[in-house]
Amino acid sequence: SVPRCYLNKQLATVRVLKGDPAELSCTVSKDNVTGTWFKDGLKLTSMDGVVFEKKGFVHKLIINKAEDIHAGKYRFEGGDVKTEASIFVEDPPQVDKVLLKNLTSVPTVAKAGEGVKLRIPFEGRGPIRAVWLKDRMELGDDTRIRVDKTVTCTTLSISSCDRRDCGDYKVRLKNDSGVLEINLKLVVIDKPQPPAGPIKIVESSANNITIQWKPPKDDGGKPVQRYLVERQQVGRNDWETLGETPRSCTSFTTSKVEEDMSYYFRVRAMNAEGVSDALESGEVKAAGKASPGAPDAPEIISASRDAITISWKAPSKTGTSQITGYIVQKRKKGTVTWLPVTNVPVKDKKLKVTSLKKGVQYEFRVAAVNASGTGQPSDPSESVFARDPTKSPGQVQDLKVSSSDSTSVTLTWNKPEVQDGNDVKGYEVEMRPCNSLSWTKCFTLPAESTSCRVQGLQAREKLFLRVRALSDSGPGEASELEACAGAAALMVSPRLLIDDTVKSFLVIKAGNPIQVKIPFEGSPKPVVTWLKAGLPLPSRAVVSTEDGSTQLLLRAAEFSDSGTYTVELGDGLGKRETFSFQVQVTDIPQPPGAIWLEENVPNTVTVTWDPSASEQWEKNLYYTVLKRESQKGLWHVLGDLIYNNKFTFTRVVPGRDYYFRVVAKNDLGTSDPSETVQPWRIWKKKAEFQVKAQKYRGVNQNQPPRFLVPLKSHVVVTGTECHMSCAVGGHPPPKITWYKDSRDLSRDPNYFCTNDFGVCSLVVLGVTKQDEGEYMVEASNELGRAFSKAFLAIKGN
């Protein structure tokens with residue numbers, strides 16, 4: 001007997017991208033086997049782009065460039081062996097690589113007020129769903145924004161963009177073969193916002209007025225170049241330009257003032273795009289030149305129950321004439337009314353005040369008088385009791401410099417020795433430069449404080465410091481020492497210290513914290529700024545900056561927190577360093593929406609559901625459809641990896657109850673299910689009672705097939721259903737076979753064929769562009785064959 005041929009390796013199903021090569025191969029046990037290839041039940045002799053190859057025991061079918069026509073079920077037969085496999089041609093959405101690189105590598109820049117149109121042409125098997133998102137939220141049409149889609153292109157149009165439109169955009173293209181996401185960045189540049197206020201009056205004198213402001217919170221996407229300062233005299237309508245300041249300077253001094261005249265000031269920021277709206281000040285009055293300025297607060301020389309002696313110094317600004325005397329006033333501490341001490345100005349700069357009430361605490365102030373009148377009063381003196389003096393507190397103990405740097409000195413000391421009945425109420429700290437004999441008060445501290453930091457010094461500056469204790473009886477004897485500020489700190493340019501611990505892309509589950517800590521260096525201490533998509537951070541964000549590091553914290557991540565974050569270091573002189581990173585917030589999908597069931601084709605059920613809300617932010621989301629045949633039965637998977645919202649189940653048994661379930665899935669897990677509540681049933685037709693008539697043996701009625709009504713061509717819209725029908729005669733009843741472009745449709749689940757007593761129908765479910773072409777129906781019996789052809793044309797929505 002001849003040995004049988006058997007398979008060593010059978011065919012395996014292949015999934016291939018459109019345009020890529022594909023290959024089916026099998027191995028048989030004998031090298032003299034001549035094989036035959038079939039596609040969808042039809043024998044293949046030749047086919048465009050397909051090569052048949054045999055090498056020894058191996059038989060191959062090679063497709064050089066896979067197209068839609070190559071998809072189908074293939075069978076190899078040779079000798080005693082037979083093996084089958086399918087080729088699926090996947091055609092996911094695609095965008096031209098050069099266009100894709102240009103769109104994603106360089107941000108789209110637009111000026112405020114201008115229109116923006118982002119157009120993305122695409123290819124792939126239809127229908128393709130196109131969605132535009134910003135900050136994970138799907139964009140829809142409104143008064144400014146419009147999203148358009150054709151069969152081959154999607155366009156985002158913004159009629160008049162502004163700074164709110166800055167940020168990261170995403171285009172998601174999706175069909176049955178896969179998903180393509182394209183990340184875009186839109187930058188809108190505009191004139192700056194007004195400088196941050198309010199305008200602060202640093203100095204207002206008879207000769208000068210100095211104002212100060214803060215930089216704008218939003219520079220419009222372009223650095224501020226300079227500030228414009230204007231002035232308006234109260235009572236007039238015109239504004240006068242005073243001058244400009246560079247971006248690094250946020251203060252301005254004008255000497256163009258008149259005494260006792262009031263003004264308004266306004267400041268505008270300017271960048272390359274234009275000038276901001278103005279920040280305006282309140283009314284500012286220039287001091288008069290004639291009256292003297294305010295003296296320093298009077299000092300308490302001595303106090304008793306009958307009299308308190310005070311002294312003071314002449315004001316630094318005496319006006320245009322000599323000072324002729326001083327007005328001295330007093331008040332009880334805690335009241336607001338000042339009472340004169342004398343009826344006439346005091347010539348001397350010292351006065352013994354009498355007519356006081358014993359045990360009451362008083363404050364004093366003085367005002368200088370010249371020929372023009374009385375000047376501004378001084379600040380109040382320290383409060384003092386009208387009572388006999390007690391022994392003043394002793395010296396503070398162990399006064400020393402505990403630390404110093406280039407701009408400050410820190411002092412510490414211990415309390416003085418306790419004097420009977422004379423508790424320490426506080427401390428007074430004074431300083432004087434080495435080249436001066438005049439002491440300046442720095443601080444008055446409470447009794448609990450035994451240290452202080454004197455700031456604002458120059459590097460290596462020498463000075464004298466003294467501390468004295470204060471009590472109800474007055475100040476004690478001062479303790480004094482010489483101190484020196486440290487050397488100037490080394491200048492270090494600001495630099496972010498990015499290492500492997502700092503990631504450029506973070507995936508965070510919704511609800512978890514976003515915490516990013518970035519080290520840096522720089523001296524003097526650089527200015528740290530955090531931004532999201534070029535704009536200030538949301539109010540929920542907490543930024544903390546300590547020596548050498550800065551941290552961003554969002555305690556519970558939300559989907560809107562996804563985007564590009566930037567940390568920026570600046571030295572205040574225009575030098576900056578930045579680092580950006582991406583944050584992706586994701587989560588287990590939310591469940592699909594409501595489910596609908598329809599019997600569009602007899603003995604089938606089409607399951608349709610509302611998409612999961614997670615489709616807006618999850619690119620890898622897909623669906624699984626399950627069914628069970630009783631209320632407590634096991635669930636069985638009908639379809640998986642479904643990227644649309646529709647599935648047709650074709651193996652429905654009439655008279656049986658079905659329940660359906662749909663879940664959404666992604667890389668993190670599976671959503672809660674969405675289920676049908678009521679069972680689905682197709683009622684079983686009752687069998688008809690027939691009487692079998694006695695067979696009549698008469699004239700031979702056999703006839704070859706013929707078409708009584710031929711096929712007609714159709715034009716339908718994408719996504720609808722197409723019904724093609726014809727009428728056939730012949731005896732015995734002909735066998736009906738449908739073809740599309742010579743491909744047998746008998747076993748294709750996308751087509752539904754019926755033959756009711758010679759009326760033949762073909763239903764195309766959910767028409768796509770790939771269903772366009774020539775359709776043929778063949779009728780055959782033992783007496784012959786007949787054919788009818790028609791063309792199906794598809795047009796877009």
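Each Cβ is built from the backbone N, Cα and C atoms, and glycine gets one as well.
Positions annotated as domain 'Ig-like' by TrEMBL: 3-74, 494-586, 705-788. Taken from TrEMBL, the feature domain 'Fibronectin type-III' applies to 194-289, 294-393, 395-490, 591-685. Positions annotated as compositional bias 'Polar residues' by TrEMBL: 371-381. Annotated region 'Disordered' per TrEMBL: 371-403, in sequence order.
3-74 is the stretch from 3-74, 194-289, 494-586 with the greatest number of Cβ pairs below 8 Å to the domain 'Ig-like' (705-788). Look at the domain 'Fibronectin type-III' (294-393): DSSP puts its residues at 0 helix, 38 strand, 62 coil. Model confidence over the domain 'Ig-like' (3-74) stands at 86, taken as the mean pLDDT rounded to a whole number. Helix, strand and coil residue tallies for the domain 'Ig-like' (705-788), in that order: 3 helix, 53 strand, 28 coil [DSSP].
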